[in-house]
Amino acid sequence: MIRTLLLSTLVAGALSCGDPTYPPYVTRVVGGEEARPNSWPWQVSLQYSSNGKWYHTCGGSLIANSWVLTAAHCISSSRTYRVGLGRHNLYVAESGSLAVSVSKIVVHKDWNSNQISKGNDIALLKLANPVSLTDKIQLACLPPAGTILPNNYPCYVTGWGRLQTNGAVPDVLQQGRLLVVDYATCSSSAWWGSSVKTSMICAGGDGVISSCNGDSGGPLNCQASDGRWQVHGIVSFGSRLGCNYYHKPSVFTRVSNYIDWINSVIANN
């Protein structure tokens, strides 16, 4: 009965996900651009407390009223976290935004911080209180289990990460258009080689635009045929040579590989 209720809830949630009140501006701007405010309403800012202040460290995606999806490498057991929702500019008070404490963190059991290229860079955060959905706070859709996007499929990475290698940290949410690089290409020796696994998804690699420091844990947003946006990736890692390095696309945890894990964690917690 509990499982039936959960599945019903997930299905009901899926009917009202990935469809922003304020649709994003989908352009081909090279180098990224400021996002339309609240056009990625599942995007969250994961923040940690230090000396009485809160600091942005990673992105994440709201996938249920009480659950946020992020990267395992964003999590440190010694830190206290909260999640900022409905945000655009992280440094001004914004109407309709929320800050909610994290009550539980579930990191994938096979994640190893010393071997990031082995994958499983995924974590779920349970919020201390479920959030009410508004025009500025909405749920992300997740793709069907096992979905593989074709080469050159257009997606958008979003976050408050650095604008370029060693560059400035933006106040407002940024978006960048990235084309998916298929596994055969991304795992070739001229690209990422054996560092990339089938449980990952690559996007970018043109030497111009990519995810960067501070984007980690955030979504790779890809539009489905029905017009809804699905989070296909979680920002995982990039090249030590720089954020925008040629033939070193951003590497994401492939969400469709972990749908069963996500549902299991939510069902049991």
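Glycine is no exception: its Cβ is also placed from the backbone N, Cα and C atoms.
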Of the candidates CYS17, CYS74, the one Swiss-Prot records in a disulfide with CYS58 is CYS74
Among the candidates CYS141, CYS155, CYS186, the one bonded to CYS222 through a disulphide according to Swiss-Prot is CYS155
Among the candidates CYS186, CYS243, the one bonded to CYS202 through a disulphide according to Swiss-Prot is CYS186
Nearest by Cα to CYS58 (disulfide bond), of the active-site residues HIS73, ASP121, SER216, is SER216
By Cα geometry, the one of the recorded positions (CYS155, CYS186, CYS202, SER216, CYS222) nearest CYS74 (disulfide bond) is SER216
Per DSSP (three-state), CYS186 (disulfide bond) is helix
